[in-house]
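Asker: Structure provided below as structure tokens; questions to follow.
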Amino acid sequence: MDALRKLGSLGRRRDEVDTASSPLKNEASAAEIPRDPVQISGKDEASPSGLTPIRVRVPEDVRSESEVKRDGDEESVGSGESFDSALERMEASSITSFEPPSPMESIDGRFQFEDGVREDLAESGLDGNFSYDDDDDDEEEEEDGSEEGESTSSSIINSEYSSSASNTEDEMDISGYGASSARTMLVSNDASKSDEEAIDEPKYKLRNVVTGEENMSGGLSVENEARGVALSSWKSELEDFYEASLEDNDVQEELAEKIIKVASEQNDEEDEEVHFPVIANELPGRITRNRTMIDSPAHLYSAVKAVDSTLPALKSESTKSITQGFVEAEEAESDVFTEGEDGYDDEDEDGDIQMDVSQATEKSGTPDESESNPSMGAGGPRLPSLPQRSSARRSAATTATGVPRPNTASSTQSAATSDASISSESSEANEIREKLQNIRIKFLRLARRLNQSPQNVVVAQVLYRLGLAESLRGGSSLNRTRAFSFDHANALAEEQEAAKYEDLDFACTILVLGKTGVGKSATINSIFDECKTVTSAYYPSTTKVHEVSGTVLGVKVRFIDTPGLLPSTADQRHNKNIMRQVKKYIKKVSPDIVLYFDRMDMQTRDSGDVPLLRTITDVFGAAVWFNATVVLTHASKAPPDGSNGTPMSYDYFVAQRSHFVQQTIRQAAGDARLQNPVSLVENHPACRINRSGQRVLPNGQPWKQQLLLLCFASKILAEANTLLKLQEASTPGKPFGQRSRVPPLPYLLSSLLQSRAQLKMPDEQHGESEDSDDDSDEEDEEEGDEYDDLPPFRPLSKQELEDLSKEQRQEYAEELADRERLFQKKQYREQIRRRRERKKQASVMSKEEPSIPGDGAEDESGQPATVAVPMPDMALPPSFDSDNPTHRYRYLETANQWLVRPVLETHGWDHDAGYDGFNVEKMFVVKEKIPASVSGQVTKDKKEAQVNFEAAASLRHGEGKVTLTGFDVQTIGKDLAYTVRAETRFNNFKRNKTTAGVTATYLNDTIAAGVKLEDRVLIGKRVKLVVNGGVLTGKGDKAYGGSLEATLRGKEYPLSRTLSTLGLSVMDWHGDLAIGGNLQSQFMVGKTMMVGRANLNNRGSGQVSIRASSSEQLQMVLIGIVPILRSLINCRFGFGGQPQQ
């Protein structure tokens, strides 16, 4: 280090002698410029290196002198830059400060700095030929310029570049910056040499102290007239020579001779003639450079910092520290611009980055000063803007030696292509990027107000998600300036907070839900630090939905306070009424986030809150939990004892309670992926307070700031999602939006296993049911008609009935009921007999004259269509309305074969006009032997539309063989499912029918296919057994299912209407076995029809219902008094409802 300082002092003394004698220098000598003494302040505590920053006071009289000589400097220096030009850049401020990097220690010839390793002068070597400005030799060089040719002219041009900045440094005490001064010597102007040439000729390439031409625009390498002095052998020899001769007064002359000697020997070995320029004796004196000259160690450091971000930042009055967490991103951005140096002419990209850099330097310099010197301003050294570096490189390449750079045409073409591609970007992308940056600034301002640093987990996660969403939405075009986005946003957030504290366009609306007595209203009061709502520890204080608004830290916050909910299963009706009020209220004011409140000290291991959470899910939908935060009050409660009898830790207690609440929400929402954030709250007046006056939890964290940060972060992410339109713009191939889902196999399998009736011809549609043919041949003809065997019967008049006794009247009624039953049975048998005869006649006629049955059927089917008859009234539910509009649902059948009817919502509130869709049906015959039907229904409410369409046709192809085909369209969720099915039924035996079918469903770009097999067996006259099974597969998934149904009919069915059915169903999907059983029975008790139903599954859930209908037992109406009395008792005493206040 001492040797380098001596070397610098030798160069300064030599400069003082040569300054006046140089004929090429048109600038004023540094000694002629009056200067104030150098002021050295005390040690800067913020400086990481601990060095004393140097402040140079520039007097006002220097400015006028420099302005006079500026024009002359530009003419004489050419592309160089004088000391007076540097003074002009410092006019905006009278004090310029800089702090060069300080070497901490030397390791293997390298100086170790705080943020990296910089090569020492001895190890770096010399990167080509040095051009020394010796006065005598310069005159000889001008005389022999015509003989030297191109190489000599290049040397003369470079020798004209004077460095008055070196003389400026001579007047200062910069002995402590020997390393940096030495690095300044190695700056050159080899702009005409490309990177490819440097790689192809490694033996001629010298390593520079700074990154060199590969990393610095315009190049920092030495001239290329003596390229062959770059071998490690003479570098080590040169290093030894430096160390041995630094203390010698003639070290520079010997050094110059040594350079010439070593270079000559090396070129002699290569048989290459090299023309050396005139080498002056002052090695550390003036140095020829290109237009981007560096005047001092601090300036050199600023230029190197532009391409190497690992250097420690300079401490100046206009420089702000960069957040530690984003240093790596800045380094990555620097590498991006370094790698694309050769063809980097993208003005749009440079403009984006220059915008961030220029905004960061507005305070310290004017625009004109920044343009004149990108690396120097009134406030001290700064990073040069990259677009000006590119222009400097191009100007140096065209003015150096006239040798064209390789691949110039291709580079220009690629640059033009790049410019065209960037210019083709729509203005919408730039607008989105600007708005997203404003969102970042807004969030950083909110975080500052909440005293949260960018290293906070929530803040960092939100910023990461914003960057990720921006990348997914805009691709690489929006990702180029990612390294500058945070620094720029953070600086603007700090400036806006300092200038306009109240000017923050942000408001948050929060919906509060939770059980009664958990502290919802108390939390609202704690957040506003004032009593906004009335609270009570003994009874619920909030009786209706209302809004509480105020300002917290300059942010408008609005709470929607709701009455407390009750956790009991019997109170869910009360909860539904409250949530319907909330749902009606939020239609006017939409909330940004939902807070679900619960108590921290509620130790419940059961699923008692599941009914409450499911009620919330049913009313608001499962999406209510996607933007919800769990708030646990009474967070200062001491943890209970663990299983071993010792109190558990506070963190473990919080994690255990949070996990239980989150698991309950997942169970109620039906989504195992939910992970709602949890925030802790303590509203007790005796809560601990820190030095800042904030209420803190037992773990020392202020809960108010954390809760507000979660709410604000959710609102910020929602704004970004709305701006970027991720869900709308996403496709199934992208991470967001609709993805290809597995079809609902259990639902489709249940539809496949369902038995469907075969279509019949119009003349065959007189049977009672599909099973009427099964027992038509089994009627006992030998029994005859019992009604005909009865003795004659004379009905009695009313007077005669009054004369009879009670027993006689009862016997008369029984006799009359038996005769009525036998008469109905006789009519039923005659109907079956006629149908059998008609079938036989149709089969015979089809064999003899195929055309006659068709014509007859056509006439018979067309005759009733020509007469308009009233249709039967629709079955309406019982209603106590005085104006029940039954007349609205009576229609007339027209001659048109299409039947169109409205669809009535029987359970809707609108009894006057409760239409929500229409139904279309039509039956027709294809080719006189294939019956077909088409039906469809469309329903629409305010939110959803349902579409159901079905087309079916039956084809008979032999005795007892029928094939049914169909096409269905139905709405499943938000998608349409298209199903094609076909099944064939054939008779194996007289009492056995077998059905086999296939189906295929197309849903959401997925096809699900399945098969089924069904067998129907009749056992005697009263028992029917149906067994079916099937499998459905789609997208690698499978579902298996089957069912068994046994039916027992009464002796006189269908006259007696006695029927009992036992069913069992099994389904296996994803290894989850679902078993269900159901039982249904109906029978007559006198003239009262009794119907009982019961079902149970393997998960323990079931249902039992009993229904009785009678036209004689009017006392059954008294059963309706029971629910009326229960409602009155609940309203009076509060059982099952809201407690009375």
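Keep in mind that glycine also has a Cβ here, set from the backbone N, Cα and C atoms.
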Asker: Need a hand: Swiss-Prot gives GLY517, VAL518, GLY519, LYS520, SER521, ALA522, GLU682, ASN683 for GTP, which of HIS488, HIS574, HIS634 is also on that list?
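Answerer: Record check against Swiss-Prot: GTP site with GLY517, VAL518, GLY519, LYS520, SER521, ALA522, GLU682, ASN683, extra candidate from HIS488, HIS574, HIS634 is HIS634.
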Asker: Under Swiss-Prot, the annotation transmembrane segment belongs to which of these stretches: 612-632, 1116-1136?
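Answerer: Here Swiss-Prot associates transmembrane segment with the stretch 1116-1136.
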Asker: Ranges 265-268, 561-564, 905-908: which does Swiss-Prot label region 'G3'?
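Answerer: So the range that Swiss-Prot calls region 'G3' is 561-564.
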Asker: Between 541-545, 936-940, 971-975, I'd like to know which one Swiss-Prot lists as region 'G2'.
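Answerer: Per Swiss-Prot, the stretch marked region 'G2' is 541-545.
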Asker: Between 474-481, 514-521, which stretch does Swiss-Prot give the note region 'G1'?
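Answerer: Swiss-Prot lists region 'G1' for residues 514-521.
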Asker: Check each residue in the chain of GLY517 (GTP binding site) that is at least six apart in sequence and keep those whose C-beta is under 8 Å from its C-beta; list them in sequence order.
Answerer: PRO540, GLY564
Asker: For the recorded GTP site formed by GLY517, VAL518, GLY519, LYS520, SER521, ALA522, HIS634, GLU682, ASN683, which further same-chain residues have Cβ atoms within 8 Å of the site's Cβ center?
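Answerer: Along the chain, the qualifying residues are THR523, THR535, PHE597, ARG599, THR633, VAL681.
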Asker: Against which stretches of its own chain does the region 'G1' (514-521) lie, if we need a Cβ under 8 Å and a gap of at least six residues from its ends?
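Answerer: Sequence-remote neighbours of the region 'G1' (514-521) are 533-535, 540-542, 561-567, 595-599, 609, 612, 631, 633-634, 681, 683.
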Asker: Cβ distance under 8 Å to GLY519 (GTP binding site), same chain, sequence separation 6 or more: which residues?
Answerer: PHE597, ARG599, THR633, HIS634, VAL681, ASN683
Asker: Under DSSP, is SER521 (GTP binding site) part of a helix or a strand, or is it coil?
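Answerer: The residue in question, SER521 (GTP binding site), is helix (DSSP, three-state).
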Asker: On the Cα atoms of GLY517, VAL518, GLY519, LYS520, SER521, ALA522, HIS634, GLU682, ASN683, which are listed as binding GTP, what is the maximum pairwise distance in Å?
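Answerer: For the residues that bind GTP, the greatest Cα distance is 14 Å.
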Asker: Around HIS634 (GTP binding site), how many other CB atoms lie within 10 A of its CB?
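Answerer: Other Cβ atoms found within 10 Å: 17.
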Asker: Across the domain 'AIG1-type G' (505-734), what does the mean pLDDT come to, as a whole number?
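Answerer: Its mean pLDDT is 85.
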Asker: Restricting to the same chain and to sequence separations of six or more, state which residues have a Cβ under 8 Å from that of SER521 (GTP binding site).
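Answerer: SER521 (GTP binding site) has long-range Cβ partners THR533, VAL534, THR535, SER541, THR542, ASP561.
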